[in-house]
Amino acid sequence: MDLKQILREVELHYGTAALVTGAVCGVGALIVLVQKLSSHQKTKEKIRRARARRDESLQRAEQALLQYKNLHPMTDSAYILALSLPELTKQLQEGSLSPEDVFYSYLEKTLDVNKKLNCCTGILLESFDQLKTLSSSKKGLLYGVPVSIKENITYKNYDNTCGVVSNLEQPAETNSVLVEVLKRQGAIPFVKTNVPQSLLNYDCGNPIYGQTLNPHNLKKTCGGSSGGEGALIGGGGSVLGFGSDIGGSIRIPSSFCGICGFKPTVGRLSAQGVASLYGGQKSVLATTGPMARDVDSLALCMQAMLNDDMFTLDPSVPPMPFNMQIYRSAKPLRIGYLENDGFCQPSPSMARAVREVKVLLEKAGHTLVPFSLQKVSQSFYELVVRGVAADGATSVIEKLEGSPLDPTIRTQVYPMYLPVWLRKVIAFLLKPLSPRSSAMLNAFCGVGSVADLWKQHVAVEDYVQETVADWRRCNLDALLYPVIGPAYNFYYCCKNTQICSYTMLFNLLNFPAGVVPVSTVTAEDEEELKYYKGNYQDLWDKSFKEAVTGAEGLPVGVQCVTLPWQDELCLRFMKEVEELVKQKRK
């Protein structure tokens, strides 16, 4: 590009004033402008190439699908797609279904769902080769099962962008442990799914691949950050998927999309090769987990993954095979329950779901006792938010450098660009007007020093010990808890970070937690929502009301929680809820 072209581009993007400024301030200012323009053009070009790679993979998949359908016109795809994961694996093992028929049935459905929802970041073309070489020995509990994976789960030769442009064109050199174990169990990872920009949001839009929609209502978000997974599974395009969860990122899209999702204890499944936006943060840890249409599918997945392959590939994972005896137990449980955490008032459908499930559990012979987490507001701000942003959000901003901000995260991220001293000043001025806004902004200032970071870690440890002590005083087996829902209108997730107290505290505590769909939003829920005020009656409460308005007919779920390492018990509790709801509908 010669000088005349550069000047024309500068004028086009920054206006004539930029040229005048360059003339007044000299060559230095012009160089800065040219550098910004060059960076802008490089970003646009990287995004264009990424979209081209995605589109090419989709086109190649469509061509392969067409060829297969021409050769196998009698495949009963509707029958295959209606099978649960346990039913599907049984027929694959018996040989009554072929891996090829199953693979192409789900590939066709995935391509169709993606056209409506924009949930996929690309087809994993190596899956076609894996299908051809799949062992005839039918080895593995997931033999022949197509599996979708969240975009940040490493697959060799593919990017883990986390929705951030700076991570583009850095393909992985190896597979994650999860992908390796899936393959050794006979599964076929075949598609990567969309995420929000930075992963630190529970919507699902980014400047690379765009916005993912809700399978039940195209005017609603699918949730996030495992939103592509939620949308694809909820739309019928995948029978089993994997997401990651640091604050509800498996559970919220499961709630929004009407599927089951499970966040295991941190360390129960390998995290090697699961990318995050930045490393080093230890206050609130992320974990990976399965997402599916029913609880038995989640349990089968956990059983398949917890084997010697995983324990050998990642020796940091404790060698604890899945305990099927606990999962199948029928022993009555002592269950704590809560409708409102006192910090964020739930939507009418959220609270109703808990009440209705409580009644079902009691009728089934379980004991239900009131239980609440202590110091929810203080813990959310001082331990969760300040812990995640311990460096004052510097790492987040560095990763977003040079990338356009997606509208799904702008409101959430803008304060991070302010100097820490200015955040503190604004937080002080806001305190009498909006206490929760003030506390949130103050928490985003970080911890300040290494000594303060250590104190913060001690505070987290103390909170965990206090919560476990409360739990044991009540002699609980499990906890029935609200989950964020129903699905939001667009661009409200970044305005409602406070509501994450319902999910993120269980990441802080490292308690396994899962979501089960139990109902749908009724006309009565919508009518009651008109009178929603919230616990604080502030802008956050008003925004939440606006976010969930217009949701009649959308799925509503509940959250099931247990103590660390009691993952099988958590799934057993989820299964109990699922079965009781099914019986009620008969």
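Including glycine, each Cβ sits where the backbone N, Cα and C put it.
Annotated in TrEMBL:
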- 12-34: transmembrane segment (TRANSMEM)
- 40-67: coiled coil (COILED)
- 105-571: domain 'Amidase' (DOMAIN)
- Lys150: active site, charge relay system (ACT_SITE)
- Leu199, Ser225, Ile246, Gly247, Gly248, Ser249: substrate binding site (BINDING)
- Ser225: active site, charge relay system (ACT_SITE)
- Ser249: active site, acyl-ester intermediate (ACT_SITE)
Those binding-site residues of Leu199, Ser225, Ile246, Gly247, Gly248, Ser249 having Cα within 10 angstroms of Lys150 (active site, charge relay system)
Ser225
Whose Cβ lies within 8 Å of the mean position of the Cβ atoms of Leu199, Ser225, Ile246, Gly247, Gly248, Ser249, the substrate site, other than those residues?
Leu200, Asn201, Tyr202, Gly224, Ser226, Ser244, Asp245, Ile250, Ile252, Ala286
Same-chain residue ranges lying at least 6 outside the coiled coil (40-67) that approach it to Cβ under 8 Å:
13, 104, 107-108, 111, 114, 120-125, 128, 159, 161, 165, 168-169, 207-209, 402-404
For substrate: widest Cα to Cα gap among Leu199, Ser225, Ile246, Gly247, Gly248, Ser249 in Å:
11
Spatial neighbours, same chain, of Leu199 (substrate binding site) - Cβ under 8 Å, 6+ residues apart:
Asn152, Cys162, Gly163, Gly224, Ser225, Ser244, Ile246, Ser249, Ser276, Leu277
Enumerate same-chain residues with a sequence separation of six or more from Gly248 (substrate binding site) and a Cβ-Cβ distance below 8 A; give 'none' if the list is empty.
Tyr202, Val483, Ile484, Cys500, Tyr502, Thr503, Met504, Asn507
Taking the Cβ of Gly247 (substrate binding site) as the reference point, list residues of the same chain whose Cβ is under 8 angstroms away and which are at least six residues distant in sequence.
Leu200, Tyr202, Val284, Val384, Val388, Cys500, Thr503, Met504, Asn507
Among all protein chains shown, how many Cβ atoms are found within 10 Å of the Cβ of Ile246 (substrate binding site), not counting that one?
23
